[in-house]
Amino acid sequence: MVKAYLRYEQASSFGVITSLESNISYDSTGKHVLAPALEKVGIWHVRQGICTKTLVPSSSRVGKSLAVTAIASSASTSVAVGYADGSIRIWDSEKGTCETTLNGHKGAVTALRYNKAGSMFASGSKDNDVILWDVVGETGLFRLRGHRDQVTDLVFLDDGKKLVTASKDKFLRVWDLETQHCMQIISGHHTEVWSVDVDPEEKYLVTGSADQELRFYAVKQNMPHVSVVSDSNANGVDASGDHLTENKWEVLIPFGEIQRQTKDRVASVRFSNSGSLLACQMAGKTIEIFQVLDETEAKRKAKRRLRRKEKKSSKEGVENGDASNETEKADTVTVTTPTVPDVFKLLQVIRAGRKISSFSFCPITPKDSLATLALSLNNNSLEFYTLKSSENEKTATIEHQGHRSDVRSVALSADNTLLMSTSHSEVKIWNPSTGSCLRTIDSGYGICSLIVPKSKYGIVGTKSGVLEIIDIGSATKVEDVEAHGGTIWSIAPIPDDTGFVTVSADHEVKFWEYQEAKQLTVSNVRSMKMNDDVLAVAISPDAKHIAVALLDSTVKVFYVDSLKFFLSLYGHKLPVMCIDISSDGALIVTGSQDKNIKIWGLDFGDCHKSIFAHDDSVMGVKFVRNTHYMFSIGKDRLVKYWDADKFELLLTLGGHHAEIWCFSVSNRGDFLVTGSHDRSMRRWDRTEEPFFLEEEKEKRLEELFESEIDNAAENRHGSEEEITEEGVAGLAKKTTVDVLSAADSIIEALELAENEKNRIAEYEEEKTRGTVPDLAPNVVMLGLSPSEFVLKTISKEKTNDLEHILLPLPFSDALKLLSYMESWSLIPEKVELVCRIATIVLQTHHNQLVTTPAARPILSVLRDILHAKVKESKDTIGYNLAAMDHLKQMMASRSDAPFRDAKAKLMEIRSQQAKRMEARLDTKTERKRKKKQKRLEDGHGHAWA
C-alpha cells in the first residue's frame, strides 16, 4: 500500500520592514509608504506606523528569484512592482490585489517610471533593455535596445513622447517613443550613471554618478529658443537661442555641474513634486538637499554675481588702462543668464544613523515645512524627516516589527503561543500566529535561546559567553550570568523541565538548574570538560543520554546520570553543526558543514544512512515529536522534510532569500518557524492536503526540466539578440513555459474541434440514410459546439500574451482558426479579440496566405465583416464618450468648478503681469546704468582732450 503524507506550506513571513534590493515609494495620497519586504511589498501607514496591507505574489517560483527590485506608484492607486525574475506586476494598492503580470525582461527589473497620465510606464533591467508598457491594454508596446550594461534609471519627457535612460555603460540615451529610435546619446560621465530625474516643469535634467559632481542639462522644449544656457555660454560663448538649436535632435543641452560634498557615489537623485527641492542620496549615510530657485530669484543671483565681477574688473581696469575697458564693455552687453550655482543652492544635508538604501519625497507638502522625506535604512527600518528652511527634523521611525540584523535563533513556548527570536543586539517576542511583535528587549549577541516551560521567562546564550535571563511579561532582562569563557553555541532543555544544558567554545558542557524565588535564577550544578570546542548538544527524551558535537567532526554520547562515555559517532568530514534525538530514543540525526545528514542508531551507534541533503552547510535538524519524520535547514536557503525510516526526501520548502540560521518545530508538529540571514521569520503550516512520494518526485523532475527549458531558450535567443541593430525597438514579450503550454492547448482544441466536426458530418450523413439515435454531446468539449469550444479556449488566455501564443501555431492550424472568425465576429464583446487574432495571424503567415487559394474566400469574408464590426464598436464607444462628456458638463454647471477655474486663471494672469513689471524695471535700471557709464566715459574723454 502506498503511504500518503501531509503537506507543509508557507503560511506567513514576518520580521522584514524594508529589504535592500529595491527603492521605497509614497503612494499618491502621501499617507502610506510602499516598502519592499523580500518578495512582498508592505504598505505602511506613516502616522500609525503599522503595516495596513501586504502585496504578496502568487507564484510557483520562490526565494531570491521573486525578490522585489523596483517600485513605482502612479497618480492613481495603481502600483507597478518589478521582481528579480524580470516579471512586473501591477497592483491596486487600495484593494491589495494584483491586476496583471507582465513578462518581458530576462534579468531583474532595476528601474520603473510611470508617465504623468499614468497610462503607460517604462521599465529598465539588468538585461540592458528598456520596455514600454501599456497599463490599460496590459501589454508590452515595444522594447528599446542600445545600452551595453544594466539600465539604472529612466524618466519621461515632453508629455511622455520622449524617454531618457541612464545606464552603467556611462551613457545617457534620449529615445523618441513615436519613432521608437534613439535620437541622442550623451557621453561625458567618467563612471556609471546611477540616477536621472527631471523637474516637474521639465526645464532641468540632473544625473548622478560616482563622479565628484552632479551634472545638469537644460531640456530643450518645443519653442524657438531656450531660456537657459550652459556655464560655457555664460562665460562668453554666444548665448542666443540659435546657437543652442543648431542640432534639431538635441533634446538635452549641457547646463553645468555642482561639486558634491561627499566622496560616496550617488545612489539616487529626485526632485520634489513641487520642483522646489532636489535631493541627492549618496551610497552612504547622507542626503544632500538643494533648493531650486525660481527664474526671477536665479536672475537676481546672476546679476549680483555679474556686478561683483564688474566691480572686480573695473578695479583691474583702473590699473590696466583701455584694454580692460573693452572687455568690460563686452561683459556689460552679456545677458544675465543664470548658471547652475544660481539655480541650485545647497540647503542642508540629512545625516542618518545607518547607511541609506533609498528615499522618497511625500507628494503632499506640509503647511509649515518645505517637504517630508521617507528613508529606508540598511538595518531594516524606515525613518521620516521633515525639512525646514534651515534644518531637518526626524519625525518618526518604523523599526519595532523587525530585527536590525539577521535572526540567529528562534524558540517556541511549550503551548506554541509565543515565539522568541534573538539577533545582534535585541531579543524580540512574537505572536507566531499573527506575526506581530509583542516585546523588544535589549540584549547581547544571542546565538541560542529557549523559553522556560511553565513560566514566562526566556534564556539566551550569547556570543560573549553570558547567559541572559529575560522576563517576557515585563520585557526586561532579569540577570546576566557569566556562564562560559567563549561563545555559547547551543542550549538544550532537560526533559523533566528542571533545567538545561549549555555547550561552548571554551570546551565545556554545563548543566544548569532553575531556582525560582521572586524571580527565576539559574545555578550551575555539573560540568564536563571536552578536548575541543563543543558546537551542539541534544538530550534523549528519556533523559538517559546526552550527545555533544565537537569541532573535530565527531559526536560523542555520554550517560546523563554518571557522565560516562557511551558512544562515539565518526563519519562526517567537517564539523557537525546540529544534533537531534527522536522521541522514542531510537535514532540520532546529525547535520554537518560537509552538506550531509547522517541517521544513526542510538543503541549501537551504527550509521543507518548518510544523505547528501543540502547544497551548503546543514545548520539545523529536528525530529517531529513522536515520529521519525524530521526537518533540516541549510545555508542553501531551503527547508527539507525527510522520512528517517525510509531515508526519503518528502518535501523541499523554498522561500528564504538568504542562509537559514535557525528553526523551531511546534510540540504537535503542526507548524515550524525558521529564522534567516534575510531578517525574516517564516511560518510553515501542516495542511490537510495529502501527497504521495512518487508524485512529489515527478513534480521535482518537471520543475528541473522547465528550468532547463527556460535556460535553453534564453541561451538560444541571446546570441541572436546581441547582434541586433543598436538604438532600435524590438518585441516586448518573452516566451515562457506558460505561453508554450497555452499554444499547445489551442492546437489541441483545434484538433478536438476538427474531430467533432467530422463526427457531426458523419452523423448527418447517416441521418439521411435512415433513423439513427440522437447525437450524444461530446463530454471532452463540455457539450459545446466546435466554434464555441475553440473560442472558450482562446478567451482563457491573456490578450497581452496572444501574439506569443499564436506564433508557434502551424499554418494549417492558423487557417482553421481563421475559418471560425466569421461566427465569432457576430458576438459584439468578442470583436476586439477577433480583430487582434486576425491581425496576428495575417502578420505571421502573410506570405503563405497570399499564395494559398483556399485562404482567399475566408480573407474576403473577413475583410467585409471586420471593417463593419469595428466601425460599429467605434461608434458605440464614441456615443458613450459623448454621453459621459455631456454628464460631466451638466455636473460642472451645477457646481462651483467654473469659479475655481476662474480664480486659478486670475492668479496666473496676475503672476504674468508681475513678471512683466519686473522685466520692465530691470530694463530701466540697465538703461540708467549704461547712461551713467557713458557719461563717465565722455567725462574721461573731455579730460584727455
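Keep in mind that glycine also has a Cβ here, set from the backbone N, Cα and C atoms.
Keep in mind that this is a model prediction, so the values were computed, not measured.
Lifted from TrEMBL, the feature list:
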- 79-101: repeat 'WD' (REPEAT)
- 102-135: repeat 'WD' (REPEAT)
- 144-185: repeat 'WD' (REPEAT)
- 186-227: repeat 'WD' (REPEAT)
- 301-312: compositional bias 'Basic residues' (COMPBIAS)
- 301-333: region 'Disordered' (REGION)
- 400-440: repeat 'WD' (REPEAT)
- 481-522: repeat 'WD' (REPEAT)
- 569-610: repeat 'WD' (REPEAT)
- 611-652: repeat 'WD' (REPEAT)
- 653-685: repeat 'WD' (REPEAT)
- 787-889: domain 'Small-subunit processome Utp12' (DOMAIN)
- 913-945: region 'Disordered' (REGION)
- 915-925: compositional bias 'Basic and acidic residues' (COMPBIAS)
- 935-945: compositional bias 'Basic and acidic residues' (COMPBIAS)
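Broken down by DSSP into helix, strand and coil, the compositional bias 'Basic residues' (301-312) contains 12 helix, 0 strand, 0 coil. Here the repeat 'WD' (400-440) does not lie next to the repeat 'WD' (144-185) in space: the count of CB pairs under 8 Å, restricted to residues six or more apart, is fewer than 3. Long-range neighbours of the repeat 'WD' (144-185) within the same chain, counting only residues 6 or more positions beyond its ends whose Cβ lies under 8 Å from a Cβ of the stretch, are 107, 110-111, 113, 115-117, 119-120, 122, 124-126, 128-132, 191-198, 202, 205, 207, 209, 219, 221-222, 249-252, 268, 721, 724-730. Secondary structure of the domain 'Small-subunit processome Utp12' (787-889), assigned with DSSP and counted as helix (H, G, I), strand (E, B) and coil, comes to 89 helix, 0 strand, 14 coil. Each residue in the repeat 'WD' (569-610) gets a DSSP state, and the totals come to 0 helix, 23 strand, 19 coil.
Per-residue pLDDT, averaged over the repeat 'WD' (569-610), rounds to 94.
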